[in-house]
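The transmembrane segment annotation in TrEMBL covers 21-38, 73-94, 106-125, 131-153, 165-184, 196-217, 348-369, 375-402, 414-434, 446-464. Per TrEMBL, domain 'Major facilitator superfamily (MFS) profile' is recorded for 25-468.
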Amino acid sequence: MAEELLQGNNEKLTSHLTKPLLAVAFLASFGSSMLYGYNLAVVNSPAKYIKDFYNETLLESHGLTPDGHLLTVLYSLTVSIFAIGGMTGALLVGRLVTKYGRKGTLVRSTALVFMGGALMGFSRWCRIPEMVIIGRFITGVHSGISLSVVPMYLGEIAPKNLRGFLGLVPSIHICLGVFIAQVLGLSEILGKEEHWPLLLSLVAVPTMVQLILLPWFPESPRYLLIERGDVHATIAALKWFRTKGNIQAEVEEMQEEQRSLSSMQTLSVCSLLMDSCVRWQVLTVAVVNIGMQLSGIDAIWFYTNDIFRNAGIADPYIQYTTVGTGAIEVISGMLGCFTIERLGRRPLMIGGFLFMGLCCAGITVSVLFQPQLSYMRYISVGCVIGIIAGFCIGPAGVPFLITAELFKQSHRPAAYTVAGCLNWMSNFTIGFVFPFLEIATGPFCYLIFCVVCLGVAVYTFFIIPETKNKTFLEISQMFATKNEICEEELYPNSELKMALMNGYGTLDFHNKK
């Protein structure tokens, strides 16, 4: 059967963008990655109404009138509990994708969105503020899972020359989610006191679309072959995603990786951290994911209205300025997506972080001189827009993409668990600490973000190689010198030979003489 499926594919391997590839990339991102962006920004517009709700319910239930500090703590918890949920979800990624597969995990995790959306949607009617916080936590768990699984899935189904493009489709949807949250949060739409629970619960709509359509698409071919050993399903999935052309070269590349891992099970997080063969890859994932969150972008997203208010923009115009920044995010994300295969990963990372660092320093300078020079308020707003644009061009999506590229199949689930935990831990830190950091240090807090951005740019320049158009095994070879390992360690089962069965590679064990 496997021979028949491959029969007649003797042309050169084609790696064109097909409709099934594009459809699954947009569908997986629409119902998962977009929700992450939406949940990041959706609490910004109704912040005052949420605080008023907490104030009213505490008074009704406990006879307690909270002061401003307590309300700030409760609102900060509402914002940052999403990140705690995300970290919880990230811890589950390794087990889930190994047991259920990449697509299977995405489909099963949709139940979390319906639970979280229902809790937030009925919180005001039930007069229970804890429902908002618990709902944010549950939707955070879903985002923690999907934020790792979507780029893993797309990275494994994409041909190597399209891996960068498809890998940044989720980042476009993250930016789109932020933009949609900002538009729906306008006072003319859902930015009213009676509508904020509906605004928070709308996450269920795109998830429903994903739940209906995604099960019709195939599982990751690499997962099917390397982890499940299902040759027929692998070939069928590849022919679905490629639709035409020769898939033999891709199958043989997967089998080459399978041979190198034939005696190795999927690694746990502890095993990954102890593996000297991937120490630089692990360090790289840690640097780019922590740097991504500590760059200051989450402070911008969570507290955009406050930042613009401090910059001197009148309250009636703040919401429209915020929507404008959301539009710039989407445009910048699309620019990065359509240029990554031409420029590569490194230029987008280095350029994005350098530009963000300069804009963070610009915010500090402009705010300091704003009392003397009134036009500095416009420079401050321009720097905020610059940070968002610089982030969405590269740092928003490339860290998730290279997490898939730097590791082989056996290491990838644990690598995404590590990356996700660090990413969400940093997200929580910024979301909870930033309001107090801003009170304590004023505009100088952005200099901390400036140092982080410049540091990640320098690390990328000196350490991270270009992975464009490279197979996963070729990328592992590029790190072999840094990790001080020899070819025998990189390919512990190199004595395995491939016997051809009508053009398809099968494993044939031969002892070296």
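One is the number of the first residue shown, and numbering goes on along the chain from there.
Yeah, the Cβs are placed from backbone N, Cα and C, and that goes for glycine too.
Just so you know, TrEMBL annotations never went through curation; they're auto-generated.
Note on the domain 'Major facilitator superfamily (MFS) profile' (25-468): its mean pLDDT in the predicted model is 87. The stretches the transmembrane segment (106-125) and the transmembrane segment (446-464) do not meet in space: the count of Cβ pairs below 8 angstroms, excluding pairs fewer than 6 apart in sequence, stays at fewer than three. At the 8 Å Cβ cutoff, the transmembrane segment (73-94) and the transmembrane segment (414-434) share at least 3 close pairs (sequence separation 6 or more) and count as touching. Between the transmembrane segment (21-38) and the transmembrane segment (165-184), the number of CB pairs under 8 angstroms, six or more residues apart, is three or more, so the stretches are in contact. Each of 131-153, 165-184, 375-402 was scored by its Cβ pairs under 8 Å to the transmembrane segment (414-434), and the highest score goes to 131-153. Beyond its flanks by at least six residues, the transmembrane segment (446-464) meets 280, 284, 287-288, 291-292, 294-296, 299, 345-346, 349-350, 353-354, 356-358, 360-361, 363-364, 395, 402, 437, 482 of its own chain at Cβ-Cβ distances under 8 Å.
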